[in-house]
Structures are given as structure tokens and as C-alpha cells.
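Here is the structure we will look at.
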Amino acid sequence: MNISYKWLLEYLPCTLSPQEIADTLTSIGLETGGVEEIETIRGGLRGLVIGHVLTCEEHPNSDHLHITTVDVGADAPLQIVCGAPNVAAGQKVVVATVGTTLYHGEEEFAIKKSKIRGVESFGMICSEVEIGVGSSNDGTIVLPSDAPVGMPAAEYYHVESDYCIEVDITPNRVDATSHYGVARDLAASLKRNGVPAELKLPEVNLPTDIIDSRIEVKVADATACPRYQGLVIRDITVGESPEWLRNRLQAIGLRPINNIVDITNYVLHEFGQPLHAFDLAFIKGDRVHVQTVAEGTPFVTLDGVERKLTAEDLMICDSNGDPMCVAGVFGGLHSGVTEKTTDIFLESANFNPTMVRRTARRLGLNTDSSFRFERGLDPERTDWALRRAASLILEIAGGHLGGMTDVYSNPLKPHLISLSFEKVNSVIGRTIEPEMVRSILNSLEIRISKEEDGVMTLEVPRYRTDVTRDVDVIEEIMRIYGYNQVELTGYIRASLGHETETDRRYKWQTVVSEQLVGAGFNEILNNSLTAGSYYEGLKSHPREMAVELMNPLSQELNCMRQTLLFGGLETLSHNLRRKHLSLYLFEWGKCYRFHAAKRTDETPLAAYAEDDRLGIWICGQRVHNSWAHPEEPTSVFELKAVVEQVLCRVGIETGAYTLKTADNDLYASAMEVKTRSGKLLGTFGTVSTELIKRFEIEQPVYFAELLWDALMSESARYKLEARDLPRFPEVKRDLALLLDKAVSFAEIESLARGCEKKLLRRVELFDVYEGKNLPAGKKSYAVSFFLRNDEKTLNDKQIEAIMAKIRTTLEQKLGAQLR
């Protein structure tokens with residue numbers, strides 16, 4: 001949320017700088033994202049002055065340029081070459097002197113001394129669009145004859161500067177979603193620090209001569225709409241807002257529309273209460289009904305989009321039941337205020353947060369009004385906001401005030417909380433004087449209605465929807481008192497619990513994340529929601545096993561993901577289009593599946609399952625072309641190495657798992673990682689060409705998806721040990737094997753480890769050959785076997801016995817032949 005510095009000072013006059021205010025707000029829990037200086041005209045018209053054109057002659061080398069001399073109040077006139085068709089001697093103009101920076105959209109350019117068609121030019125005579133004071137670019141600005149020569153253009157155009165403070169409001173602090181709300185917290189902090197701070201709310205005085213004009217209001221459900229107020233104003237003039245109002249809205253990033261709409265927006269950001277103005281001519285029967293409508297009713301909102309309503313959407317309707325506005329969310333196209341409007345009905349209401357949130361999400365509308373209503377507003381605050389807006393409308397747009405309607409069926413009682421000074425000190429951890437506690441509570445508008453034996457009975461304002469318990473009040477006291485005022489004691493009390501399984505999993509996630517980042521990977525975070533269309537036609541992840549959303553935000557986000565793959569492909573595609581061609585990514589996330597067969601009336605949730613996974617993507621170049629190394633693309637073998645390193649890091653060593661070819665339609669070719677007992681730990685391989693083409697990716701993508709729950713379960717069976725460096729030498733033996741092309745190295749490694757579990761340390765493939773001089777359907781593998789005994793040096797007899805056993809096994813199981 002954006003806060004204007006000057007606007008804020010209207011409610012809390014103080015001498016703090018914008019940055020000091022931002023720092024203070026952050027210290028009391030209203031964290032600020034930054035402070036930005038803004039001006040009503042970009043650049044503040046610095047370097048521009050009012051000039052008087054003394055002479056204007058045609059350029060000798062051009063048929064459209066003019067050579068002018070312009071008095072800008074300096075020691076001598078400036079010679080300026082100008083291309084505007086309307087420039088003439090005697091005019092008062094706006095001149096950009098040398099060194100001035102002008103802005104056009106996102107572009108900017110500096111005025112320099114130049115030579116145009118052989119004639120020197122020492123500035124520029126400007127048009128409206130060039131300096132940002134209008135939209136005309138047909139010629140130079142011609143000012144009135146009494147415009148003072150040499151006056152800075154910023155002074156002539158009344159350029160104002162301000163500071164925009166970005167405040168990050170947490171969802172529970174709806175009371176701080178306005179300038180007055182922020183000022184209230186700031187005042188409390190200043191008072192706590194001994195700085196005089198008087199919070200001022202503008203007085204509202206409405207005329208007593210009210211015309212006989214009133215709208216009848218009927219609320220169908222007081223729970224859906226606890227309070228609805230409105231009044232009529234006739235004979236208004238809709239037009240442009242005054243400069244001060246436009247400046248206030250522009251300072252916080254809002255676009256002025258017209259004086260009526262601007263006033264409702266102004267009061268919203270001033271006091272936090274949303275308002276809506278209806279064109280009275282479109283309220284049929286002079287009656288407003290707050291109700292729901294029939295399922296499927298079409299409704300065109302202010303943005304011109306037709307939306308289908310449901311029977312749960314709360315609407316503002318006319319006497320015929322025709323919807324005019326989505327309550328608390330968005331107005332209708334045909335009932336809003338236009339330049340032709342002369343009479344209005346001004347609404348200030350309170351709507352049920354749950355209903356507003358549900359409707360706003362379903363319709364895909366996130367407005368300033370819904371943002372506040374969703375968090376819960378105080379029905380008592382509608383009245384002041386309505387009167388304030390009516391007062392401003394009468395002042396700015398004229399008109400005559402009609403009657404007010406107020407439907408408030410069940411006025412809320414004050415929320416009472418009991419709190420002792422003893423508990424305040426106990427929870428905070430230090431003694432705070434009762435007078436300080438009372439002062440802080442008073443500054444937060446929390447009234448002490450009773451105090452007896454050190455126990456206070458507090459009346460909490462209804463707008464503080466987040467303060468419902470005594471500990472919430474203590475948090476408020478602590479927030480204003482200052483967390484940095486509470487020093488650490490000489491001892492720390494804490495409970496040290498045993499490491500839970502959840503703790504263990506998070507610990508290993510951190511360890512593996514650090515390992516991957518150290519290897520050059522970047523962590524990504526994708527949405528758990530995905531497009532159901534991704535799963536159409538897949539056998540490994542069929543569409544019918546997707547968890548569908550009942551009310552999706554869009555068709556691109558209509559189901560929960562079954563695999564991490566597609567989110568990563570979206571990220572890869574996005575970055576590849578921006579010329580980031582070599583990408584190493586990983587992601588932690590949950591995946592979800594629906595098993596219809598497991599669903600019963602007694603256990604409806606048994607059909608749903610979720611599990612944690614680790615996704616790893618590799619794409620692009622492993623080594624870029626340089627003087628030292630030729631270019632080398634990534635490969636599935638690089639991904640395989642990463643997978644093995646992750647498994648090793650969590651304690652699952654090479655011999656504890658097997659790699660087998662997988663039939664998975666996500667991949668062009670893939671391997672499954674399984675335990676010796678056949679439990680699946682993950683899958684990796686080359687992503688299917690058809691899939692990557694759907695994401696407009698034109699280079700191979702290698703993807704691994706590890707089942708983290710299964711990995712953690714398996715790793716718990718092994719104990720990580722720190723070992724001494726081997727004291728005895730390692731022996732290497734090589735075999736050149738002739739094999740069928742279908743045989744994988746993983747099969748060779750697995751069989752070899754089965755032959756010798758104790759002494760065989762590593763199995764490595766160092767050469768592959770396929771081609772001439774080999775029988776059809778055959779290939780040659782050159783494999784190294786590394787043997788070591790940690791207790792003594794191996795002798796030739798032991799080595800040969802092991803190697804003979806390995807050779808025999810490979811011959812019998814794989815049909816291998818020694819070359």
C-alpha cells in the first residue's frame with residue numbers, strides 16, 4: 001500500500017522526514033518497502049524557464065526550421081533552432097536550456113548544444129507533450145503575454161513534490177490500510193518516545209437544509225450485510241477534480257477519473273472505508289435491494305467484461321432485482337457515474353468478509369474495496385466516511401443534499417478484554433510502568449473502561465479485528481513500546497525437544513539445497529496449481545488422477561500438479577526466450593494425486609494423496625566455448641551424476657540402489673532409481689520431445705524427479721560415517737566386454753556389486769564403442785573395477801578370484817564376451 005508523505009501530515013503534523021517516518025513505521029510492525037520522491041510532473045520541470053521569442057527567421061538550409069532568438073532572463077538571448085510550425089516572434093514560450101533532461105514515457109534525453117543544418121542551437125522550445133503538461137504535440141506551447149520571462153517553469157506550472165512510502169500491510173492489519181490508520185500508529189509511537197503528536201481527523205459539517213429525496217434500502221440478510229448506509233445528492237456537476245485532489249491520488253499511484261469517483265477513492269485511502277457512487281437515474285423504483293441473484297445471471301462490470309453470477313454472490317440491485325454492483329468488489333458498467341450524471345446515490349456499507357472474498361476470487365477481481373472488505377471492516381465507520389465524502393462532493397461538485405438511509409439491524413457491542421499489569425510484564429519479560437501501559441493503550445484508542453486491583457477491563461475498537469485476546473493487547477503494547485527496549489536477560493529458558501521426522505526432512509532439504517547451489521544450480525518455486533490440459537493423454541500421470549479445483553481462477557490453474565516437471569518447463573521456456581540458454585534448476589514441492597477407487601462414504605479423503613519431491617532440470621551448455629575448452633553440451637549422464645551425488649549425500653550409497661530402464665511417457669528415455677527391494681526412489685532422463693515443443697523449447701531438457709518421502713525413509717536405514725583415508729592401496733582391473741546394445745552399464749555395475757560386496761569399491765565405464773568390426777546388434781564397453789581391502793593389501797590370488805567371478809557372472813547373465 002502506498003502512503004503519501006504530505007497527505008499523512010494532514011492528520012499528524014510532525015517534523016519527521018519521509019525516511020524517518022518509514023523507519024518508525026517499520027519498527028512498530030508496519031514494514032516499509034521503500035521511499036520514493038515523486039513530482040506532479042515527471043522531472044519537476046527542472047532546467048525549463050519561461051522565454052520571450054524576440055526574433056524568428058526561416059532557416060536558410062531547411063524548408064520547415066526556424067532560427068529564433070529567445071530571452072530567458074539571462075545575460076544574453078539564446079539562439080534556438082525550432083521546428084514547430086507555430087513559433088513566431090513575440091510569443092511567450094517554455095524553453096529547455098542546455099543540460100535539461102526531458103522525459104517521454106520511459107525514455108529520457110538531455111538537451112545539448114548542437115548544430116542543426118549548420119546553425120548552432122542552445123536549447124529547445126517545447127511542446128506540451130515534451131514536458132508532460134498536456135497531450136498536444138502540434139507545436140510549441142504559447143503562454144499568455146503576462147507570463148514572466150525567466151520564471152522557472154516548475155513555479156509557473158505549480159509543480160509539487162511529495163514522497164511515496166510503500167507500506168507492506170499484513171493481512172490482519174486492515175485498520176492500517178489508510179492514511180489515517182497509519183497516522184494513528186505513528187502518533188502512538190511518537191507519544192511513546194516523548195514527541196508531541198496530535199492526531200487530527202477532519203471535521204465534517206453537512207448542510208441542514210436537506211431536500212426531500214431518499215432511496216429506500218432493503219437488506220435481505222443482515223449477516224451478509226451488517227450495515228448499509230446511503231444518501232442522495234442532486235444537481236451535481238461531474239468534471240475534472242481540483243488540482244489538490246488529483247495530486248493526492250497520483251501521489252499514491254491512482255489515476256484521476258472524475259471528481260465524484262476521485263472523492264470516493266480519496267476517502268477510501270484517507271479513512272479505509274470503501275464507498276460507491278451510483279447514477280441515480282439508473283436506480284429503478286428508487287429502491288436498493290442488497291441480495292443474491294439467480295444462478296447464471298449475466299452482469300457487465302465497469303471494465304466492460306460480462307461475468308456470470310452465482311446464487312452466492314451478494315449484489316446491489318434495483319427494485320426490479322436487476323444487479324447494479326457486486327457488493328464490496330466492483331461496480332456495474334451501466335450504473336456508474338459518467339459526465340452526464342446529475343444525481344447520485346452514495347453508498348457506504350459493511351459486507352461479510354467471507355462472501356466478498358469468495359466472490360472476488362471466483363470473478364478474478366482484486367480491487368481496493370475487496371482488499372479491505374475481505375479482511376473485515378468495522379460497521380461503525382461507515383457513517384463518518386459517508387458524511388466526509390458527501391461534504392467533499394458538495395464542496396467540489398456542488399449539488400443539494402437529500403435524505404440519508406441507514407439499515408443497521410444488529411449494532412455491535414464493544415469488545416471487552418481483561419488484562420492485568422502482571423501478565424503484561426510476565427509476557428514481555430520486563431516491568432513496564434502502569435502509566436506507560438495506559439498511555440500506549442490510549443494512543444491506540446483502546447479504552448480502559450474499568451481498572452481494579454491491577455486488572456484492566458479494555459474496550460477494543462471494532463476496527464481492530466486482530467485484537468481479540470489479552471495476549472493480542474500485550475503484542476500491541478510491545479509493538480509501540482519497542483522490541484528493542486527489552487534487553488536479553490542473563491539466562492535463557494528453552495525446551496530442547498528431540499528431532500522429529502519433519503525436522504530431519506527439512507534439515508536434509510537444506511543440506512541438499514546447499515549441495516546443488518554449490519554445483520551451480522538455482523532454486524525455483526512454482527505454483528502448485530497447473531493446467532489440467534498438461535495431463536491429457538498421459539499414461540504415467542492420467543488426467544483422471546488430477547485433483548481438480550471446484551472454482552479455478554483460470555483454465556491454466558484448474559488442478560493440482562501431479563509432477564514438478566511442467567512448472568519447471570514453464571520456467572525454462574520463460575528464461576530461454578530471454579536468452580538465458582544454459583539453465584541448472586531445482587525445486588522442492590508437493591505433488592498431488594486422486595485415486596477414485598480408494599474413496600468411500602466413510603473415508604472421502606482417502607482418495608487424495610500428496611508427497612514431497614525434488615525436481616532437477618538441466619538444459620543448455622555444460623561448458624561454454626573458450627580458448628581453454630571447446631563447447632560441451634549438457635547430457636543425461638551429467639544429470640545421472642547429480643542424482644547419484646544427492647543419493648550419496650543423504651547416505652544412500654551406490655550399492656544400495658539399482659538403475660533400470662523406465663517406460664514413462666514424460667521422457668524420451670528414462671531410468672528408474674529403485675532400492676534393492678524394488679521401492680521407487682525417483683526417475684530421471686531426457687524429457688519427451690513432444691512435451692518440450694509444447695513449451696516452445698528447442699533444445700534437449702534433462703529432468704530428474706526424486707520422491708523425497710521415499711528417499712528419507714530409505715536413508716534412515718543407513719548411518720553416515722566419517723572414515724579414515726585408506727591405509728592400503730586400491731587395485732584397478734579393466735575388462736573390455738562385447739555386449740548386446742540393449743545392455744546398460746547399470747546392469748553391469750549391479751551384477752558386479754552382487755558378486756563382491758565387501759572389496760569392490762567402484763565400477764566405472766571409461767569407453768564405449770559401436771561401429772564397424774563388431775557383430776550386428778553389439779557394442780563394446782571398457783569397464784574399470786576398483787578393489788581394496790581396508791585391513792590388508794590384496795594379493796594376486798584374491799584379485800583374480802574376484803575378477804573371475806565377475807567375468808563368469810557377466811557371461812552367464814548378460815551374454816558378455818571378453819574382447
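Placement of Cβ uses the backbone N, Cα and C atoms for every residue, glycine included.
Sequence annotations record features per position, and here Swiss-Prot assigns domain 'tRNA-binding' to 42-154. Averaged over the domain 'tRNA-binding' (42-154), the predicted model reaches a pLDDT of 91.
What Swiss-Prot records for 412-488 is domain 'B5', and it gives sequence analysis as the kind of evidence.
The annotation Mg(2+) binding site is assigned in Swiss-Prot to D466, D472, E475, E476. Around D472 (Mg(2+) binding site), the same-chain residues six or more apart in sequence whose CB sits under 8 Å from its CB are I417, D466, listed in sequence order.
Residues or ranges marked as domain 'FDX-ACB' by Swiss-Prot: 726-819. Broken down by DSSP into helix, strand and coil, the domain 'FDX-ACB' (726-819) contains 30 helix, 32 strand, 32 coil.
Following the DSSP three-state reduction, the secondary structure of E475 (Mg(2+) binding site) is helix.
D466 (Mg(2+) binding site) is surrounded by 17 other CB atoms, counting those within 10 A of its CB over all protein chains shown. Counting other Cβ atoms within 10 Å of each Cβ, the lowest count among the binding-site residues E475, E476 belongs to E475.
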